[in-house]
Amino acid sequence: MPLSQRFTLTQYLIEQRRRFPDASGDFNALILDVALACKAIARTVAFGELGGVTGNHEVEGGASINVQGETQKKLDVLSNQVFIQMNEWGGHLAGMASEEMDAPYQIPTSYPRGKYLLVFDPLDGSSNIDVNVSVGSIFSVLRAPADAIASGRDLTEADFLQPGATQVAAGYALYGPTTMFILSVGNGVAGFTLDPNLGEFRLTHPDIRVPEQTQEFAINASNSRFWEPPVKRYVDECLAGKTGPRGKDFNMRWIASMVAEAHRILMRGGVFLYPRDTKDPSKPGRLRLLYEANPIGFIMEQAGGRASTGHQPVLGVRPSELHQRIGLVFGSREEVERIERYHHEPAPRASETPLFAERSLFRV
Ligand code: AFP
């Protein structure tokens, strides 16, 4: 399709809004502010060492640590600031929450307060930014509680604890060889590529569908000794390839940047697992529910894929904490359903699964 005929993100949003003749335009303006933040972050990331933005964020006494107990990169802090600056003033938001902030961010009283909540991971995969892997920003849009909208009161953590199924929209920007913006407003998934000449996101992937089957899986195999039996079983069967119960060979990938893995899976299928494991009993998984699992889960489901904790659909989980962690499996529908089935079935006896006994590559 000639470039001139490709919709911009703004045109796409206007088209989508025609489904809701009474819409105020607030929602579209919010998504455009989020997209602007992503463009600004893409630009900052692209300068890398030249822009003096690589490395840890240093404070008195050493590198700063976020609420997760993780070292903050300079770019984590900068990206968080960009999200706040671009989104606090427009009057569309009642408040924000981020991986990089302990508590909800209150919209300053100098700005009007609106009806949406924005939850985000400003720079996912950032612990690998210094080696130039693809990183991205993940966001989720929720409705603020009615009384908060009516009164304009400060928000509490509880206001954000909504199941993923209630998301109004979700998406991510990927800062890779090209910058892309992937969005679902609850009507399928559309992908936009940043046109560096225009500085605009142009619609390049109008209706993304995750292939239902796959021969590719992604998991951090260094955790194998901590996996629960259903995950061990699944991975063992994939590794057994043609000669095993699956009767086909599988390929494995691990980028350690979930947003990049999610994008690969959206484009060509696959399954991603960061399951609950026994590594640290105080952490029921590695990834965060509200700004990682829920938005990526929403995108996957809207693209015909599936997202699960292993035990239940991730979008059905009622959050208990702002920074709650959770086990996450997503991607091609048939694989995710298989992994869920393994979690619900009684563990097979060793005699029924020779892979588990003698030949498991990941035996403990
Ligand atoms: P960072 O944003 O701190 O780099 O974390 C990335 C992440 O949350 C997710 O994007 C990766 O899939 C996962 O962590 C990688 O975890 P491992 O380092 O345990 O493989």
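For all residues, glycine too, the Cβ spot is worked out from N, Cα and C.
Any TrEMBL annotation is an automated prediction that lacks curation.
The Mg(2+) 1 binding site annotation in TrEMBL covers Glu99, Asp121, Leu123. Here TrEMBL flags Asp121, Asp124, Glu292 as Mg(2+) 2 binding site. Summarising the annotation, TrEMBL assigns substrate binding site to Asp124, Gly125, Ser126, Ser127, Asn220. Annotated domain 'Fructose-1-6-bisphosphatase class I N-terminal' per TrEMBL: 8-206, in sequence order. The domain 'Fructose-1-6-bisphosphatase class 1 C-terminal' feature in TrEMBL is assigned to 210-343.
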Listed in sequence order, residues not in Asp121, Asp124, Glu292 with Cβ within 8 Å of the centre of the Mg(2+) 2 site Cβ atoms: Glu99, Phe120, Gly125, Gly136, Ser137, Ile138, Met258, Val259, Leu287, Arg288, Tyr291, Pro295, Ile296
For Ser127 (substrate binding site), the three-state class that DSSP assigns: helix
Most crowded position, judged by CB atoms within 10 A, among Ser126, Ser127, Asn220 as binding-site residues: Ser126
Nearest of the binding-site residues (Glu99, Asp121, Asp124) to Asn220 (substrate binding site) - Cα to Cα: Asp124
Additional residues surrounding Mg(2+) 1, by Cβ distance to the Glu99, Asp121, Leu123 centre under 8 Å: Asp76, Ser79, Asn80, Ser98, Glu100, Phe120, Pro122, Asp124, Ser126, Ser137, Ile138, Tyr291, Glu292
Those binding-site residues in Asp121, Asp124, Gly125 whose CB falls under 6 A of ligand 1, listed in sequence order: Asp124, Gly125
Pairwise CA distance, Asp124 (Mg(2+) 2 binding site) versus Glu99 (Mg(2+) 1 binding site), rounded so that it is a whole Å: 9
Secondary-structure category, per DSSP, in which Asp121 (Mg(2+) 1 binding site) falls: strand
Residues that sit under 8 angstroms from Glu292 (Mg(2+) 2 binding site) by C-beta distance, when 6+ apart in the chain: Glu99, Asp121, Asp124, Ile138, Met258, Leu328
Fewest other Cβ within 10 angstroms of its own Cβ, chosen from the binding-site residues Glu99, Asp121, Asp124: Glu99
Long-range Cβ environment of Gly125 (substrate binding site), under 8 Å and at least 6 residues apart: Val133, Ser134, Val135, Gly136, Ile255, Ala256, Ser257, Met258, Val259, Ala260
For Leu123 (Mg(2+) 1 binding site): intrachain residues, at least 6 apart, with Cβ closer than 8 Å: Ile41, Val45, Lys73, Leu75, Asp76, Ser79, Asn80, Ile129, Val135, Gly136, Ser137
Structural state of Glu99 (Mg(2+) 1 binding site), classified by DSSP into three states: coil
Summary of DSSP states over the domain 'Fructose-1-6-bisphosphatase class 1 C-terminal' (210-343), given as helix, strand and coil counts: 60 helix, 24 strand, 50 coil
Segment confidence, the domain 'Fructose-1-6-bisphosphatase class 1 C-terminal' (210-343), expressed as mean pLDDT: 97
